[in-house]
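> Okay, here's the structure, questions in a sec.
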Amino acid sequence: MSSLKGAPSLNPPPKKGFSYNVFDEEFDDYVSPVGSEDENQKKKKETVKKKEKERKKAKSKRAERRALESGGGGEKGTSVRRGEGDPQSVTNSAVDYDVADYDAGAQYSDDFDDDDIVPAPAPPSFDNTRELQRTIKEEEARLERIAEEKMREMHEEQVRRWQQEQELTAKTIQNQQEELRAQIEELKRLQEQKTKEAEQESKSVGAPRDPNDDRDDGANAVMVERRQLTENQRRRIRERERAVQLRRLEQEEAAKSLFQRLAQDVREVFHELNLSVVASEKERLIKDERYRKEREAKDRREELERQERMQKEAKEREEREAKFWSAMEDRDARFREFVEKKSLKDEEEREARWKRDLEDREARLKGDKELRSELESIERERRDREDKNVRERDRTLIQTLLDDLKRQYETQLEETRRQFELDRAHAEEMHRMELAAIEKRHAESAGQSDRIHMRQ
């Protein structure tokens, strides 16, 4: 998993914003994530340069017309009004008047030179729709890969945690066994020492004495006290040995119950993981199928005019989808088979280890059935409570992960849908603006022609 660090599929998608450049200051305020930004900038710069060149040419033409008008247009107009010219002069004056009127229209259009009319983009062709569909499919595949990677990471983390817990339990059991061995050796040493002292005292007490020695009450009292002391020491040693044996049995029972609980927890964790993987895959397949049906219905409604071409495209799309879904199903089957094999292998290893532990402890736990039953009942109740808490925590964790994946998938679908709607609205707006500009120019030209005919 360390090789996937820094991959682009694991990074969050780029945030969409607004651009404030010259080309799309008023209309195209949406920055599309699809496509390279360098190409868009180059296209915008080229269009701006072309418009500046056209504006300069129009201004130079207007300046030439104004110079011609100031040079000879006034005299011709006066001669015509006085009736001193010939028909040729009349026609020239009409032509000059037409030029002047056209120049006035050009002066009127100067007020709108600063407003750059953005050309309406062409409607998306068949190749663009196919490319958008391909990008959507790639995005869905990327999201599925991310979900699979997350589930695999969770599984590996849980297995690693379980291994660490087993190592800790084994270490604790080993330490307890070493402590028990040290205590038993110390008790044996004390017992041997006490037995030696008792033997020495018994020898000193049972030694033959001279009948002529005096036997007073003080000597008898000392002997009685020594005998009581030895008996008390022996009784304390027996009680200590019994307590040590009981403690050792309790620790062995606790270790056994701990191993059983660990085996049950791991079994339940793997079962829950398998169930969650199957449920997530089913839900994903249902969502993908629903989305595919909605997209096909929308495509049929929008492309009724190109029915023949769309039939061919639908066939190709169905073939691609069949290949994609077959590949996805094969990959899911391989992943499930891998998880099942690994879980079965771990289960067999745990069962073999559990059997070995039972065989090792069976000889030492025959005489303590009543105590074991009580401890098992107490431990079972505690284990049930802990299992319930663990299952609840795992269920909440899996539910939160599924909710996060669902929310990310819905936000990305909403973003793509909003992008399509914005592009369509932008195209309609630009087309409507072009129609309004054409109507305006047509009305101006019609008004100019009407005025010219009326004056002629």
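Heads up, residue numbers simply count up from 1 along the chain you see.
Yeah, the Cβs are placed from backbone N, Cα and C, and that goes for glycine too.
A TrEMBL annotation is a machine prediction, not a hand-curated record.
According to TrEMBL, the protein carries these features:
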- 1-20: region 'Disordered' (REGION)
- 31-163: region 'Disordered' (REGION)
- 42-64: compositional bias 'Basic residues' (COMPBIAS)
- 94-109: compositional bias 'Low complexity' (COMPBIAS)
- 128-163: compositional bias 'Basic and acidic residues' (COMPBIAS)
- 191-202: compositional bias 'Basic and acidic residues' (COMPBIAS)
- 191-233: region 'Disordered' (REGION)
- 224-233: compositional bias 'Basic and acidic residues' (COMPBIAS)
- 295-321: region 'Disordered' (REGION)
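Help me see these features in their spatial surroundings.
Secondary structure of the compositional bias 'Basic residues' (42-64) per DSSP (helix as H, G, I; strand as E, B; remaining residues coil): 23 helix, 0 strand, 0 coil.
When DSSP labels each residue, the compositional bias 'Basic and acidic residues' (128-163) comes out as 36 helix, 0 strand, 0 coil, counted as helix, strand and coil in that order.
Same-chain residues lying 6+ beyond the ends of the compositional bias 'Basic and acidic residues' (191-202) with a Cβ under 8 Å from its Cβ atoms: 226, 230, 233-234, 237, 241.
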> Per DSSP, how many helix, strand and coil residues does the compositional bias 'Basic and acidic residues' (224-233) have?
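Helix (H, G, I), strand (E, B), coil: 10 helix, 0 strand, 0 coil.
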